[in-house]
Amino acid sequence: MVTAVKITPTLASPASKPQSLDTAMPYETRTALHLKGLVPSAVENFAAQDARAYEQLKNKGSDLEKYIFLSWLRNTNLNLFYRLVLSHLKEIAPIIYTPTVGQACQEFSHIYPFLAPPSAVDGLYIPLSEVDSIDEIIENYRASIPAGCVPETTVITDGSRILGLGDLGMNGMGIPVGKLQLYVAAAGLDPTRCLPIVLDFGTDNAKYLEDPLYLGIRQKRPADEEFYAATEKVLNGLTAAFPGIFIQFEDFNTPHAFGLLEKWRHRTLCFNDDIQGTGSVILAGFISAIKLAGIPAQDQRILFVGAGSAGVGVAKQLVDYLVIEHNIPEEQAKAMFWFVDSRGIITANRGDTLADHKVYFAREDNGSTQCKDLGEALEYVKPTALIGLSTIYKAFSEKILTRMNEINRQARPIIFPLSNPQTKAECTFEEAMRFTDNRVLFASGTAFPSYTIPGTNDTRVPGQGNNMYVFPPIGLGAKLVRPTKITDSMIFAVSKALSNTLSDEEIARGELYPRIERIRETSAQVAAAFIHQAVREGTAQDQHWIDLVQANPAQSATSETPDGTYSQAILDEVKSAMWTPAESAQQLFPTTKL
Ligand SMILES: NC(=O)C1=CN([C@@H]2O[C@H](COP(=O)(O)OP(=O)(O)OC[C@H]3O[C@@H](n4cnc5c(N)ncnc54)[C@H](OP(=O)(O)O)[C@@H]3O)[C@@H](O)[C@H]2O)C=CC1
Ligand SMILES: CC(=O)C(=O)O
Ligand SMILES: [Mg+2]
């Protein structure tokens, strides 16, 4: 990510290029840095700068224009950008993240030159043909950033499954860039130490291969053997150059998402956001939902639509939860799940060869019954919970939602259309409310507007079941406590901690996730729980945090049954470790030192 535009407190000669012409720069600084006359006369405070930036944002005619404006701002005035984001998070998150980031990725090659000044380095583009030059690429990057800004967090994609939009090739770079902005905004990671990476390994998307403006390499994707060998070279280079860097694998196609995680999870500090992050965040929402649903956990019948990295990742977390928290034997817990994929319900005797990641959940109790689609599956399973990770827009039709309501007369139906962006969502919040007599327990991947029940003043806020509630605090916790690896029980502790963050008011209103405006607070709580769990498990390496946790134990958890608790001392220390944008011009331009 791009460096803060910041004047170093040294005297520049008139010949040297000014690094910043910030209108908040005091006269003394302008004079000392020989910038007198190069900046408009007014010396502004941050409030004026913020108001102007917000005015410009509001004036943009489309969400994509807003995205481009915000990208430029981030690359030219990092502090102003994050002040703007933090003060309007609910409004801006859908621009820098899902859904608009999806459109930005689709258009990436067309908008790229307008996202940042030509001198800005916004991440690494690593072509397949250059993986043997990874050390040189990393040295080039190192030379482009301020000395000492060693990257500590990276998000890597190869663009092969961007949200639910499919293979976008190099254009997928928008996702690591966007995710890392949330690391900063939601959990206070240092933006100058975040490194977005796209593995430009080709694309099978014919549209891009034919697009004269496409900026990635113009070839089809390599076979598995070459993919894993090339990825190995990149990751070896990266971890050698930046020891201890926290790696988030993002939006790889499902076989490679599982393959990379298995290959690397015990070798270096990494996690897969789509498998583990999504699993963790949806478990948190599910814990809250079953408290409100009106039937016990062990009686839930959970139907997944979509059996990719996200669907299977979520279901595995839910199985762990049922086993650990509800003492349900694993086989019995597993039997509470059914999956529909593009060929219908996944059964062991369906007649096709199942991908490895589907085998665990394949039903064996179906006899000769095979359901070919969601409609048939709904009648066969009669689910209490319907989870969509299918990328199929409106898969939860009026008919499906109405039937969910009828099937669940005795309890509140759990309906989570989690596919992103909103053009892939299985249904909207309004539809889920209308067709379930407003009884639905709801979460979606992309934020939907609130819904006022007709004829009343009762406005309901939909939950956003998106991994943005968990990957930022996991990254923050990892940066602070430096674990050797990310374990399933650490991820479990994160889910528990997130479900514990709901306020009394949010619980009373039937909400399943904390309001996004509180995300910095909830991220701190989740990171604190993560740190406690890492120390309990013995994966933590940072002696300061180990000592602090041992001196301030959390109440009741054990390493086998993490409950997401943390001590106030750790929470306070986590909060003080979070990066925040400068609060005053004086902080940015310490004239006294000049
Ligand atoms: N809310 C959140 O935080 C997150 C949301 N997601 C979203 O989840 C979605 C899926 O991601 P991922 O699992 O990685 O992607 P995949 O493409 O691997 O999975 C999609 C799944 O949907 C199935 N599917 C396709 N068509 C149908 C259909 N007509 N009926 C039923 N199932 C169908 C596919 O079947 P088959 O296997 O037969 O091809 C596949 O199992 C994406 O939209 C992504 O944005 C992902 C991560 C986080
Ligand atoms: C949110 C996310 O990671 C996805 O949709 O892929
Ligand atoms: Mg993703």
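For all residues, glycine too, the Cβ spot is worked out from N, Cα and C.
Here TrEMBL gives region 'Disordered' for one range in the set 1-21, 148-168, 463-483: that range is 1-21.
Record note: TrEMBL gives R161, N466 as (S)-malate-binding, and the candidate from N405, N408, N420 in that site is N420. Comparing Cβ neighbour counts within 10 Å across the recorded positions R161, K179, the minimum falls on R161.
Binding-site extent for (S)-malate: residues R161, N420, N466, maximum pairwise Cα distance 17 Å (rounded to the nearest whole number). Of all Cβ atoms in the protein chains displayed, 26 besides its own lie within 10 Å of the Cβ of N466 ((S)-malate binding site). Proximity of the recorded positions Y97, R161, K179, N420, N466 to ligand 3, judged by a Cβ distance under 6 angstroms to any of its atoms, singles out none of them. Screening the recorded positions Y97, R161, N420 for a C-beta under 6 A from any atom of ligand 2 leaves N420.
With a cut-off of 8 Å between CB atoms and residues at least 6 apart in sequence, the same chain places T98, P99, G102, L163, G164, G445, T446, N466 near N420 ((S)-malate binding site), listed in sequence order. For Y97 (active site, proton donor), the Cβ neighbour count at a 10 Å cut-off comes to 24, with all displayed protein chains included.
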